[in-house]
Amino acid sequence: MSCSSWGSDAGPIVQTIFARRTTTGGAWHDVRAVDRGLPPGRSVSRPTWNGPSSRVVGTSPLDASRHGVFTRCQPRATRGPMLERDAHGAATMGGLRLEDLLDLGADAPRTPAYVYDVDAIVQAARDLAGGFEGAPHLIAYAVKANTAGPIVRALGAAGCGAEVVSGGELAVALGAGFPADVILFSGVAKTSREIDQAIGVGDRGILALQMESVEEITRVAARARALGRKARVSFRVNPSVEADTHAHVATGHDEAKFGIALADLPAAYEAIDRAGDALELMGIGCHIGSQLTRTDEYLEGARVVLDLAAERRATGKPLAYLDFGGGYGVDYGAGCPVTPADFARAATRLAAERGFGGTRIVVEPGRALVAPYGVLCASVVMAKRSRGEPSRRWLMIDAGMNDLVRPALYGAKHRIEPIDRPPPAAGEAPGYRVVGPVCESSDDFGEHPFAELLPRAVVIRDAGAYGFVMASEYNGRGLPTEIFLAGGRVAAIHESRDAAAWAASRLFG
């Protein structure tokens with residue numbers, strides 16, 4: 001199942017891995033190329049699994065002393081969004097034990113570390129594509145959710161498009177092989193350089209720059225004339241829909257900075273008409289917010305888009321596509337009654353009922369494709385217990401708000417579990433306040449149950465979205481490692497600069 005109506009099935013998920021050193025001192029490391037005696041940077045075909053374990057030999061920038069024997073667990077026929085456990089209770093992803101990936105017995109374990117199951121991410125996109133029931137569509141992956149090359153490349157190979165919000169993200173999408181005509185560019189404050197970048201790529205520029213104000217339409221038209229190009233644009237409207245979600249991720253209400261207000265649409269159409277050959281209006285869309293858990297509020301926004309599309313069609317100017325946005329929720333532990341495919345199915349059927357069955361539907365999922373299939377692993381540094389009344393317990397880990405800021409920023413809740421055994425049921429073990437090393441009281445991941453025999457490492461679940469992309473080097477702490485799994489093996493490892501490199505970067509002047 002392809003992620004777009006014009007895409008093709010990608011076959012093996014990860015065909016090639018690219019090794020590179022970044023300008024900041026981090027590096028992509030092609031584990032499979034090293035394992036097979038190939039030079040770093042050499043593209044390698046996806047290998048078959050030839051045994052119960054594979055020794056991966058580290059080379060620079062991975063310390064050569066870090067040899068790992070990865071135990072392959074028997075995978076299930078289908079993989080759901082939940083972290084899996086092997087017969088001994090150890091946490092696994094992609095058929096591999098997380099403990100084996102992290103060198104936990106070493107003096108310097110490879111933590112904090114994000115681990116992603118790339119195959120499961122692509123399968124999630126294909127499951128979503130099934131919700132369109134054969135209708136023309138484009139799944140434009142919201143690159144901001146996770147910009148990692150192995151993930152973005154794999155989704156592009158599976159037929160997805162991309163929704164970007166900066167020139168940097170546009171460069172990632174293009175560098176990952178996305179055709180320009182499946183890329184959307186959103187954002188309320190695009191710079192002139194970013195507009196030129198989007199208009200100038202390829203023969204026709206990207207699929208559309210999403211206009212979020214009347215003033216922006218005028219700016220884009222001026223840049224198109226200056227470049228001697230026609231810019232393809234779409235309207236992102238503010239549908240005035242209140243989504244049942246956190247205030248920080250609600251984007252479709254009257255006070256949000258996003259989108260063209262419905263009252264401003266006549267002026268927006270006038271600006272398009274004045275632009276003449278400089279602009280081509282491709283579509284209309286909206287995005288009401290993130291972490292949606294009901295299809296009814298999603299369809300409220302879709303109805304606004306369909307009403308506007310019908311009005312436009314009545315003037316003899318039909319649109320090439322309708323964009324219903326993303327925001328599909330995931331289960332962070334409290335449950336989520338609907339799947340991404342449920343949103344797609346509901347919107348597709350509504351469009352058909354309204355006479356738009358042949359018009360391409362665009363959606364912009366991010367979190368739903370990557371959050372459940374990534375975890376943040378952290379070593380336990382120590383436990384602390386107060387001896388007063390009431391007694392309090394803290395579990396200190398080496399991952400902090402600099403690595404995963406969502407709990408501090410949004411009050412987000414992530415399940416935290418031992419890496420080597422299943423978590424105890426609530427009430428069966430004492431609660432520990434899990435906290436990180438950052439010098440802020442908000443560096444707090446909440447209370448979680450742990451047995452008296454504490455684990456040497458923990459897994460923070462559902463961290464594949466808005467994790468590494470929002471990480472920082474606050475307090476002089478390096479960015480976390482990223483480990484990518486595909487085809488039952490480690491496909492790539494990205495290690496960022498260490499504390500010494502950070503210090504050197506600050507000692508200027």
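Any Cβ shown, glycine's included, is placed from N, Cα and C.
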Same-site pyridoxal 5'-phosphate binder from TYR269, TYR432, TYR466, given that TrEMBL records GLY327, GLU364, PRO365, GLY366, ARG367: TYR466
Local Cβ density at TYR410 (substrate binding site) - other Cβ atoms counted within 10 Å: 15
Three-state secondary structure, LYS144 (N6-(pyridoxal phosphate)lysine) (per DSSP): helix
Of the binding-site residues listed as GLU364, GLY366, ARG367, the one whose CA lies nearest the CA of GLU440 (substrate binding site): ARG367
From recorded positions GLY327, PRO365, ARG367, CYS439, the one whose Cα lies nearest ARG406 (substrate binding site): ARG367
Cβ-centroid neighbours of pyridoxal 5'-phosphate site GLY327, GLU364, PRO365, GLY366, ARG367, TYR466, 8 Å, sequence order: ALA142, ALA145, SER290, GLY326, TYR328, ALA368, LEU369, ALA465
Binding-site residues compared (PRO365, GLY366) - the one with the fewest other Cβ atoms within 10 Å: GLY366
Count of other CB atoms lying within 10 Å of the CB belonging to GLU364 (pyridoxal 5'-phosphate binding site): 24
ARG367 (pyridoxal 5'-phosphate binding site) as reference: those recorded positions from LYS144, TYR410, CYS439 with C-alpha within 10 Å of it: LYS144
